[in-house]
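Here is the structure we will look at.
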Amino acid sequence: KEGHTFKCCVCVCVCVCVCVQMGYANPQQTAAGIHTRLYSRAFIIDDRRRRVLFVTADVGMISQRLRLEVLQALQVKYGDLYRQDNVVLSGTHTHSGPAGYFQYTLFMITSKGYIKSSIEPLVNGIVKSIDRAHSNMKPGRIYRSTGELGDSSLNRSPHSYLNNPEDERHRYKQNTDKQVTVLKFTDLDGDGIGMLSWFAVHAVSMNYTNRMVSSDNMGYASYLMEQDKNPGELPGQGGFVAGFSSSNLGDVSPNTKGPHCVNTGLPCDYLNSSCPVGGTKLCKAFGPGEDMFDSTRIIGHNIYRKAKELYGSAVEEVTGFLHFAHQWVNMTDVTVQINSTHTATTCKPALGHSFAAGTTDGGGDLNFTQGAVEGDPFWDGIRDALVGKPSNQTQACHHPKPILFSTGEMNKPLPWHPEVVDVQIIILGSVAVVPVPGEMTTMSGRRLREAVRQELQSDGAFRDLEVVIAGLSNIYTHYITTYEEYQVQRYEGASTIYGPHTLSAYLQKYRGLARAIAQDRVSELPVGPQPPFFQNNLISLLAAAGVDGKPENSSFGDVLDQVLPVYRQVGHTASLRALYFTHACFSQKTPLHKTFVTVEIYDNRTNTWEVVYTDASWETRFHWLKGSNRQSNSTVEWHIPPAAPSGSYRIRHFGHYMLRRFPQPIINPYEGVSDVFEVAASFYYQ
């Protein structure tokens with residue numbers, strides 16, 4: 001109905017002590033700086049009958065543990081207002097955010113365990129964004145718009161895609177979804193207060209060599225839109241909030257130059273994405289820019305530009321009522337109808353050999369290749385000795401996948417993979433949002449959207465319906481390929497953990513939710529088995545933080561390399577290196593709303609310093625280098641933009657250090673500041 005009451009979020013920065021980054025499954029990829037900040041953006045919509053909450057967070061994915069802890073915190077604050085059935089948490093899929101917020105063993109192994117200093121700031125930041133949205137509800141309207149964005153995505157497994165039925169493929173112009181969907185939020189006066197967008201592309205423009213916290217291309221799109229709509233405000237401030245959510249990105253890469261062998265420059269092998277010399281490790285896909293920062297900028301700007309265009313042209317009002325449905329499903333035991341005479345079942349979780357090969361966005365270190373449909377005696381022997389051989393039943397269920405890890409049969413110290421999974425649909429009038437618990441490939445997403453649309457429109461209840469997929473939502477279960485793509489067993493198929501009929505099971509379950517909504521029978525849906533919330537055996541492989549040291553006759557925050565006296569506005573970087581050692585990575589004690597870095601300009605009118613950039617700004621980079629003798633230092637860079645006003649500037653750096661005291665260590669703040677320097681249009685050396 002018209003005149004919805006809704007709130008588009010005020011967002012909050014989630015700054016964590018990131019010691020391991022999540023996404024490339026590399027425990028050695030430890031964070032050593034900040035490129036851009038990570039944010040949670042919450043959108044609450046209320047039609048005076050029901051309420052829904054959608055959160056898009058700059059994290060790799062939403063884990064089951066993260067969702068459960070957020071729901072627990074919301075229950076304490078708001079009772080039954082926000083629940084598992086009307087709350088969606090979705091990750092943007094940046095691969096440069098924190099790890100350590102999972103409760104299943106496989107993820108704990110690759111993330112150095114369950115890390116409280118990672119999950120607590122994530123929970124607090126997400127809940128804070130929800131609090132702010134909740135307290136700022138106002139009457140308003142929603143408009144929708146769709147368009148297509150080219151030159152920003154590439155199918156990284158075209159061989160798998162081509163295994164889908166030919167007649168199905170011919171229904172689509174591209175082998176990736178180019179559609180961008182935008183929801184425009186305004187108040188009753190028509191003034192914009194927010195935007196929510198969906199586009200299918202991996203947030204891996206920042207590649208596996210990156211060691212800086214970064215929201216990647218989707219986060220940069222949000223940054224640009226919010227800076228555009230909140231002129232003069234620092235990042236994370238201002239009333240307008242722009243959420244860019246993930247979608248069916250499973251086989252979609254932003255590295256649009258495609259894969260090449262880095263040692264020869266020649267294209268990689270088409271079938272298994274490897275090189276004659278160097279294997280999969282030297283087969284890498286490259287983005288459109290000169291380096292990963294430039295590629296992030298280009299792809300993020302493309303997404304922002306299209307979303308801004310659609311936001312400006314959005315005139316079709318979203319009308320109708322809110323609906324939602326949710327179930328927990330044991331995905332290891334779902335029976336699906338294959339045809340009129342045959343059924344099949346899903347499987348206990350397992351990962352195939354090609355899982356270890358990685359992708360062209362980040363290949364594995366060992367001699368695995370994509371497309372493996374037979375095991376390797378060497379690696380199978382090592383697996384059998386370390387974790388045991390897969391059962392015959394599980395091997396048969398996953399055929400033709402050669403199983404590397406039968407994670408559904410591995411339960412020490414805790415289960416290696418989840419069994420119970422969320423399935424959910426929320427409907428905002430004429431827009432259906434389908435949160436999926438993993439990474440759906442392009443064709444899988446197309447089939448799911450069509451299935452949901454058919455069920456919702458079967459009784460004539462929903463017309464002119466837009467269906468969008470919200471990826472990486474509520475719980476992470478790796479990939480979801482079509483049955484045909486699964487047969488090829490590239491990385492995505494090998495990572496479809498519940499077997500070849502995984503997508504069919506999801507289609508069946510989501511059809512059931514949509515049918516219940518269409519027939520107004522949601523209350524009759526069984527809740528399903530509740531997921532576990534493990535209290536014991538949550539391992540931590542992260543070493544305890546040590547005390548901090550410094551050279552004699554020095555202080556924390558001392559500047560080691562000063563800035564130059566003058567910089568040009570174009571093409572120059574002001575750099576400051578300071579003595580710096582923090583408590584366990586960056587700082588567990590720095591509040592969410594604080595910054596490690598400020599760039600400040602002197603205001604001659606008021607004789608005061610004004611902050612113009614922080615560590616959340618695209619133009620700043622904060623590097624941290626751990627040294628010997630418990631000492632380390634940081635480098636702050638300000639990449640001076642052409643629009644920077646001429647004037648006097650300084651750079652400040654903030655942090656904490658820990659000293660040994662009895663009975664317990666103490667943590668103190670410190671500050672470093674550069675000399676004053678000038679930024680000018682030009683200068684001359686004499």
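Cβ coordinates come from backbone N, Cα and C, glycine included.
Annotated features, as they stand in TrEMBL:
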ACT_SITE  S253  active site, nucleophile
BINDING   H93, H202, E439, Y479  Zn(2+) binding site
DOMAIN    511-679  domain 'Neutral/alkaline non-lysosomal ceramidase C-terminal'
REGION    144-167  region 'Disordered'
SIGNAL    1-25  signal peptide
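Note: the Zn(2+) site is recorded as H93, H202, E439, Y479; in the same chain, S246, L249, G250, V252, G438, G471, L472 also have Cβ atoms within 8 Å of that site's Cβ centroid. The 10 Å shell around the Cβ of the residue listed as 'active site, nucleophile' contains 23 further Cβ atoms across the protein chains shown. In this structure the alpha carbons, written CA, of the residue listed as 'active site, nucleophile' and H93 (Zn(2+) binding site) are 12 Å apart. In terms of DSSP helix, strand and coil, the region 'Disordered' (144-167) has 6 helix, 7 strand, 11 coil. Per-residue pLDDT, averaged across the domain 'Neutral/alkaline non-lysosomal ceramidase C-terminal' (511-679), gives 84.
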